[in-house]
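> First the structure, which I've put down as structure tokens, then a few questions once you've had a look.
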Amino acid sequence: MVEGSKFGHLPLSAKGPLECSLRGTVLLHHQSFNKGSAFTKEERRDFELAGLLPQGIQTLEQQVRRAYDQYSSRHDDLAKNTFLTSLKVQNEVLFFKLLQDHLEEMFSIIYTPTEGDAIQNYSRIFRRPEGVFLNIHDEDRVYHDLSLWGTAEEIDYIVVTDGEEILGIGDQGCGGVLISNAKLILTTLCAGIHPNRVLPVVLDCGTDNEDLLNDDLYLGLREKRIRGEKYDNFVDTFVKSARELYPKAFIHFEDFGLDNARRLLDKYRPEIPCFNDDVQGTGCVTLAAIMAALHISKLGLSDLRLVIFGAGTAGVGIADQVRDAIAAERGISAEEAAKQIWLIDKPGLLTTGVDKLSSAQRGFARPKEEWTDKKTDLLDVINEVKPNALIGTSTVPKSFTEEIVRAMASHVERPIIMPLSNPTRLHEAVPADLLAWTNGKALVATGSPFKPVKGPWGADGAEIEIEVAECNNSVVFPGIGLGSVLSRTTRVTDKMLVAATKAVAQMGPALQDNRDTAPLLPGVDIVRDVSVRVARKVIQTAVEEGVATEDSIPTDDDELDEWIREQMWDPIYRPLKYVPAEGASREARGELKVVGSVERPDEAREA
């Protein structure tokens, strides 16, 4: 137990000395234990490092300064991304501390849009694999290949993708493993999920990307993407194997295609603790922004009239979250609440007369007879519906034209407009135009970071500065994951997601400061505090719903926050305490996530 810490006895406590059985070059090559030039004089003596390091002993802060200089010398964003990837496998603490100290600058490098470039070039910048690569043709190996990564107590968080719909750039095949890694980096950075207790997975089912199929350096299955029964059986084998091997793990589905994302979520959500960030995370953070904007407008969810342009995974996910929140607030059915939402996609407004709607889209289709003699493109729908909120998830750049925006502003005092498509080049509009076309009245949130916008929109034409919120999933999904992991929930319920959404909205500067020129949502600069608040609400709701299985969860808010923070991993160098390998824990022996360090469970099965 850590001295002075009320919750230092918890298994996930990340404070105090760290036991270690490794010595010499083996220690220096272990990313979790390595401190490089920051090993103390005593540690250099006890761990046989004296002759392996320069004599100067430095602090983590000095190392961060040197790493930042090296990072800054890289000639473009992709090179910077590659530098950070290399640093992570050398020294995990330094990697995360560098990111933490420069988060706002580096966020776009480790995630969208630069991570998208890295994924597209995965087979060309490949250096060393990190994660689990599962082959759809080797379904009988799934359990075995997963089993090598740890024991039942060692994995808390799994991110899995099939690489079909990555970050607005489409099918990237096995390169999707990088999105699994990127999401896990964000869970550690934003919510303190232990980096040695996570597992990135890619399900290689082939690819329909012709550029990859024709690239002789492509590393994945060089065949068309496999679908249907074989695909479903493959995914099911993965889920069941992961649950049997790692029964406490939270499973995060990421960047599955439109046809599969919702279907798989609906299938497994009632059975296991799982989450789909594209469906639920995007929906939660967007709903939080809407709630903040409605507060400024002095309106409630019952007043909302929402048009969503782009009815794919993200658009329908947003519609789902908004619908459920409206239903809860008004005490009405989901079907009735859906009447406040209009979805537009390539065929125009989705009505019951549109062919081949997905099951998720059908719940929002408007009656065909209501639109028989009406045009269903975006401008005409806005003029007919007079929405007070417009969201873009279409990836159609500049589709929110001046005519469309002015038409919307003519109907409502404070139009809520959120162009969310990523990367930036796919945005439906930019904040400067939206504010100019609405005389500063628009309440704007975007899918990527934008600088504040100045304009003559104050009293008597005075120039004011309006800060633009970023609808960044990273302020919500890491906290949901943290709360789910710490409560050991058996499921992630609708009420848990609503609680998370409200927590994010409450921490937005617009509500905190009661300023309509402030961002609608909190930024990544306070993301750890946001994650604690989100995790608290998620845990409390899990307890209320009877799905939390962890014992002795504190009931007092402040005490629960302390309990949460104690179990969050921080990028600090903990003192190393040498322990002989015999009788030491697997963590002390450096065996967490080291393939080949555990007995194969399938051998025990067959025995």
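Start at 1 and count along the chain as shown; that gives each residue its number.
Cβ from N, Cα, C; glycine included.
The domain 'Malic enzyme N-terminal' annotation in TrEMBL covers 88-269. According to TrEMBL, the active site, proton acceptor annotation covers Lys183. The divalent metal cation binding site annotation in TrEMBL covers Glu254, Asp255, Asp278. If you look up TrEMBL, you'll see 279-543 marked as domain 'Malic enzyme NAD-binding'. Annotated (S)-malate binding site per TrEMBL: Asn422, Asn472, in sequence order.
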> Which residues, in sequence order, are found in the same chain with Cβ within 8 Å of the centroid defined by the Cβ atoms of Glu254, Asp255, Asp278 at the divalent metal cation site, excluding those residues themselves?
Thr161, Glu165, Ile166, Ile179, Phe253, Phe256, Ala261, Asn276, Asp277, Thr313
> Give the number of CB atoms, excluding that of Asn422 ((S)-malate binding site) itself, located within 10 Å of its CB.
22
> Relative to the Cβ of Asn472 ((S)-malate binding site), which residues of the same chain, six or more apart in sequence, are found under 8 Å away?
Val285, Pro449, Leu521, Gly523, Val524
> Select one residue from Asp255, Asp278: among these binding-site residues, choose the one with the most other Cβ atoms within 10 Å of its Cβ.
Asp255
> Below 8 Å Cβ to Cβ and six or more residues apart, same chain only. Which residues does that give for Lys183 (active site, proton acceptor)?
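Val159, Pro200, His252, Glu254, Asp277, Phe477 - these are the non-local Cβ neighbours of Lys183 (active site, proton acceptor), listed in sequence order.
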> How far is it from Asp255 (divalent metal cation binding site) to Asn422 ((S)-malate binding site), counting Cα to Cα, in Å?
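Each residue's Cα considered, Asp255 (divalent metal cation binding site) and Asn422 ((S)-malate binding site) end up 13 Å apart.
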> Looking at the domain 'Malic enzyme NAD-binding' (279-543) alone, can you tell me the average pLDDT?
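94, rounded to a whole number.
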> Pop the Cα-Cα gap between Asn422 ((S)-malate binding site) and Asp278 (divalent metal cation binding site) into the table, whole Å please.
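Rounded to the nearest whole number, the Cα-Cα distance is 12 Å.
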